[in-house]
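**Q** As annotated by Swiss-Prot, ATP binding site applies to ALA199, PRO200, THR201, GLY202, SER203, GLY204, LYS205, SER206. Swiss-Prot lists 186-347 with the feature domain 'Helicase ATP-binding', giving sequence analysis as the kind of evidence. If you look up Swiss-Prot, you'll see 410-552 marked as domain 'Helicase C-terminal', on the strength of sequence analysis. Residues annotated as motif 'DEAH box' in Swiss-Prot: 300-303.
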Amino acid sequence: MTQNINKIYLPSPNKYLSREDFLNYTNLMREIANFDPSTKKWYINEYKISRLTKDELKGIIDQIAEYIGNSIYNILSNYIKDDNNIINAYIKGNYIYIRDNLEKYKNLLTYKIKTFDYKEGKYTEEEILLAWQKSYGFVTLRGLYWKLKNIANFDLKPFTNLRFYDIQLKNFEMRNYQINSIKSWVSDVNVIGNGIIKAPTGSGKSVIAILSALEILKNKNNAKIVYAVNSTTLLKQFQNFAKKEDLPFVLVSGEIDEIKKGERSDFIALSISYYYSKKKRNEHEKLKELVTNADLVIIDEAHHTPANIVKSLLLDSPNSIRLGLSATPIREDGKELEIMGLLGKISFTIDYTELVRNRYLVPIEYIRYIPEIPKKLKLKIQDLDDNKDPENFAKYYSSLLRSFEHSPNTNKQIISKIKQLNQYPCLVIVRRIAIAKKLAEIMRENGIIADWVSSKTKLEERMEKIEALKNEKLQVLISTSLADEGLDIPNLRLVVLLTQGKSRIKLIQRIGRVMRVSQNKRKGYILDVIYNHDLFIKQSVKKMNFIENEYNGIITIHY
């Protein structure tokens, strides 16, 4: 049988595969697909699929999903869905109630939690079923409807009936992809009440959030809206943007609580951690009333949704329409199923390549730098390796990192490399406050105008230092993980990573800091410092594989 010219390609594995896993994955793919050497991808072979029963095909798909993720169910839904059977379902608050056998959907509604066993020095997995058996069927989070519909047809009343309005902003130039993202989101909201927009740093998340708020207000004049994120810096930034469009958001956080000062509004810019801390002390009655009655809840940095502090807020707002915003809505720990359950599917993805092509972002020069190990440090590392306790990997890992971080010679090499690149303003990201202070001191001794900042720095002082970097009164600002989210410095030219590790979410957030466009800025530079030890180099290899794929076409990597 001749293949369709328009090949339907399947996603590549979403994780590193051992030799055994790779062989199993390849054998499974051969059951339903052909390999295209020109693209190095598998594409569907309808003849192979036609020879399988639905149960056989579903069994193969369940196994392949372990390697490439649940998107395969959506791609092959037409082959496995039972078109003759209509399942009754309804939405109530946070949940969707299904009158069908849970067993049929278990694979779709199960995720695996990865936890690191420090005693064994390796990851272990635990299966979590995100559904609850009932006498009439089962219940799951309403956003997971998008998973369920891949294998069944449902009789489901729409969540709402929003009309899309062609809104014009007064003070911001809207981009086509921002408008299209809201159109797609409104479409998904009408079905299930929520949706996520995958929006890289620099794509204008604040504008998208404002557009969503204005769409809701067009549909309901007296709508109540909550914009929630964990960073006071981001809250303040959003509040300032929103005021330009006559949306008077009141800021509520541990540092600034404008409600306590007597401010009143139907629009709240809320710190998620502040809400959670108030709730734990049972002091959140007024805030809970605002959250519970919200017509729209916007969750920025939505990849944090599985955290208890975010889940708690969303569960307290059961009937709200929701918008999730994140550059990284897919997590490494398997918990993206919780994100989907509470915020829905990805309604729209804003593409890096398009942003760079249209000069909304700049391309990246990624420099992988491994400082030489001085003799004294080499002896110290050897001693740590020889005497490490196999049952206490965490202590060994921490000691190893600290040895490199506190090495004067290593830090001098790093500073020399920064001076050689000569790309200012520069942001250096470190793990600990003590290192930030020390590096700032060494840099000043070496003629660099440098300062440091952390989450413990008072908001006013923090904003002053960020403004100093933005205005180029500072050459270098050294920061802890405070810089991972919400730092808006368009003219930033260099980000230096001194954190090690392989977290994809943090990496994307940090790379995003340097991709914003400004005058005379043609590229953004990343200096990724890899400490010279097998442990960190192995982490770096996995990180490089991810970066090459994520930023394909807009990144140049220097090894």
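Any Cβ shown, glycine's included, is placed from N, Cα and C.
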**Q** Near the ATP site, what residues other than ALA199, PRO200, THR201, GLY202, SER203, GLY204, LYS205, SER206 in the same chain have a C-beta no further than 8 Å from the centroid of the listed C-beta atoms?
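**A** These residues sit around the ATP site: ILE208, ALA327, ILE350.
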**Q** Short question: which residues 6 or more past the ends of the motif 'DEAH box' (300-303) have a Cβ under 8 Å from it?
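**A** Contacts of the motif 'DEAH box' (300-303) (Cβ under 8 Å, skipping residues fewer than 6 from its ends): 196, 205, 209, 227-231, 234, 238, 324-326, 328-331, 339, 343, 485-486, 505.
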**Q** Counting across all protein chains present, how many other Cβ atoms fall within 10 Å of the Cβ of ALA199 (ATP binding site)?
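**A** So the Cβ neighbour count for ALA199 (ATP binding site) comes to 27.
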**Q** Using DSSP, how many residues of the domain 'Helicase C-terminal' (410-552) fall into helix, strand and coil, respectively?
**A** 67 helix, 23 strand, 53 coil
**Q** How many neighbouring Cβ atoms, not counting its own, are there within 10 Å of the Cβ of GLY202 (ATP binding site)?
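**A** Its Cβ has 23 other Cβ atoms within 10 Å.
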**Q** When a 10 Å sphere is centred on the Cβ of LYS205 (ATP binding site), how many other Cβ atoms does it contain?
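**A** Other Cβ atoms found within 10 Å: 25.
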**Q** Can you name the residues of this chain that are 6 or more positions from THR201 (ATP binding site) yet have a C-beta less than 8 Å from its C-beta?
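**A** THR201 (ATP binding site) has long-range Cβ partners ALA327, ILE508, GLN509, GLY512, ARG513, MET515, ARG516.
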